[in-house]
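According to TrEMBL, the protein has these features:
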type: DOMAIN; residues: B:79-270; note: domain 'ABC transmembrane type-1'
type: TRANSMEM; residues: B:12-34; note: transmembrane segment
type: TRANSMEM; residues: B:83-107; note: transmembrane segment
type: TRANSMEM; residues: B:114-135; note: transmembrane segment
type: TRANSMEM; residues: B:147-168; note: transmembrane segment
type: TRANSMEM; residues: B:189-211; note: transmembrane segment
type: TRANSMEM; residues: B:217-236; note: transmembrane segment
type: TRANSMEM; residues: B:248-268; note: transmembrane segment
Amino acid sequence: MAEIQLTDLTKSYGPTEVLHHVEGDIKDGEFIVIVGPSGCGKSTLLRMVAGLESVTSGEIRIGDRRVNELEPSARDIAMVFQNYALYPHMSVRENMAYGLKIRKLPKGEINRRVEEAADILEIHQYLDRKPRQLSGGQRQRVAMGRAIVRDPQVFLFDEPLSNLDAKLRVQMRLEIRKLQQRLGVTSIYVTHDQVEAMTLGDRLMVLNGGYVEQFGTPIELYDRPASVFVAGFIGSPAMNLLPAEAHSDGIVLPTGVKLAGAQTQSGSVLLGVRPEHLVPDQDGPIAIDVDMVEQLGANSLLHGTLSGTDHAMVASIPGHVATANGTQQRFSAAPEVLHLFSPETQKRLDA
Amino acid sequence: MIENRPFTSFLSHLILILGVIAIALPIWITFVAATHNELRMNQTPLPLWPGTYLWENLQKTLFGKGLSGSETAPVWMMLLNSLAMAMMISVGKIAISLLSAFAIVYFKFPFRMTCFWMIFITLMLPVEVRILPTFEVVANLGLLNSYWGLSIPLIASATATFMFRQVFLTVPDELLESARIDGAGPMRFFWDILLPLSRTNIAALFVILFIFGWNQYLWPLLITTDTSMTTIVMSIKQMLEAAEQSPQWNIIMTTALLAMVPPIFVVISMQKLFVQGLTETDK
Ligand SMILES: Nc1ncnc2c1ncn2[C@@H]1O[C@H](COP(=O)(O)OP(=O)(O)O)[C@@H](O)[C@H]1O
Ligand SMILES: [Mg+2]
């Protein structure tokens, strides 16, 4: 078990820099999720920690060792790949034992560890099968078993659930979380799925175009997104964003309506408010022309535009609502759920 | 095409049966000729059914001095020579091309693609094309009349290198990465993972290369002058020439029959892997 420190990490492929000055301290036993859209550099970052990609500049420390120059096998890590990467010609047992065999552990010790991992993952009945005789979910378990038997300081997961169907994904997600809590091994998990990220991670590192947008707990990211990108990425449906004018006594919407409340900012801003924070209110200042209603059972999503403008808006209202398409609905929003961002830097304004 | 009309079914069977006859008849005649004595084989009409001399012919052919009148090595020795040559060629080709494909796919070194294309170009230079310079080299090395001389010039193989390269390219990168995390070095990865994964391809290639080696004619003819180094394919040709004077068809046909046995044995014993190797796509 170990902390991981990433200091000013940069990665370039030839002249193109794909990761820029990544910083992050990961505590012992923490479950960190790296999340971001496809191509933002998540896998690259993970693979640098694993030692499968070289470090262009900066430093990676695992425990109290600098590992930049160490081979993957010397870093005391285990990795679970998206396509499982099980050795097709070896049985499940041989797959799990292979790394230990290379490390020349005694036979008895290898068997003990394989049995123990098989117990934890309930894969005893498959131990003598080949990977091709297993279903996707079972292969995933074996891949985790292979990681567990190594008894590493760090688990690395690269989108391990994205080849599974939706239901199995939810189930495996819970299992991974439980397993990690039980073993207490520091883990880094890569995904592009924000729901997976929110439910799994102690802390989330949001990457965008090779930059760390924000690194914090799921609730921090939800309550105080550090940038427009994080605001739009975390939470579903995504946060509404509107251009607005901030004044000392309130915020003026594009419709000319003022949302009262003292402001420290002034000038043009991007105003963000989450769909679930819009409260239906007969006299509310925010008017939306509804053009579609999605009934989700527990709540209803009203899609439309801010009245008199063409800014798309979504409101999420608990329970069922009988709103006809084409009607106007009014909402209000509490001052503390309003987020202000700079239109230039896209960063959060009220620090 | 799933049709089930009596006439088409009859026709297709007819064509298949004719095909089988066309292929099997010469082999049958060879077999029949190997079971009669010299006298019977020189009378017309030629026999169509087996006689009773098979055992005697086998003994004469395998351990005798070949055709009476011409002093050649006994056929068992020729079989051994052919076997040694075919094995050395096929095992050598497979070993070398596995290693060169491994180097080309998994290692970054300067002029990697140049190396690959140079190997590839040798496709255009089979031994028949470069026979004089190759002979010169082999003669200078003192390898005439040796197994090394018989096999080494035929071992380099662009086809096999190319095939193994394609096989290795289908192996997912993650397997290599997994192996690196598991602590396997390059050669360990090669032995423990690449080789077992290429098993069926190796078997398929072995069958093809064994038969290629077994059927070599021109090269052995050129570099073996010692009768103890004669290969069986060469000897059949020589026997046919000798047969102009006194045809001993029973001996010649027995030799031909014996020459067929090892390739058939290789094909049959490798058949299952061979078919898998040619059809399997799943890695
Ligand atoms: N071997 C490589 N050579 C050049 N560019 C690469 C290589 N691997 C990844 N990249 C680039 O790096 C960026 C990040 O890739 P990756 O980490 O795989 O993204 P993610 O896992 O977040 O989808 C992408 O723009 C990709 O094109
Ligand atoms: Mg990726």
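Here the Cβ of each residue, glycine as well, is placed from N, Cα and C on the backbone.
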Checklist entry - Any chance the transmembrane segment (B:189-211) and the transmembrane segment (B:147-168) are in contact, meaning at least three CB pairs closer than 8 A with a sequence separation of 6+? => result yes
Item to check | Outside the transmembrane segment (B:114-135), six or more residues from its ends: residues with CB under 8 Å to it | outcome: 100, 103-104, 153-154, 156, 158-159, 161-162, 165, 218-219, 222-223
Checklist outcome for this item: Counting Cβ pairs closer than 8 Å to the transmembrane segment (B:83-107), the top stretch among B:12-34, B:147-168, B:217-236, B:248-268 is B:147-168
Checklist outcome for this item: The answer for the transmembrane segment (B:147-168), taking Cβ pairs under 8 Å and residues 6+ beyond its ends, is 81, 84-85, 88-89, 92-94, 96-98, 100-102, 104-106, 116, 119-123, 127, 134, 137-138, 141, 194, 197-198, 201, 205, 209, 213, 216, 219-220, 223-224, 229, 231
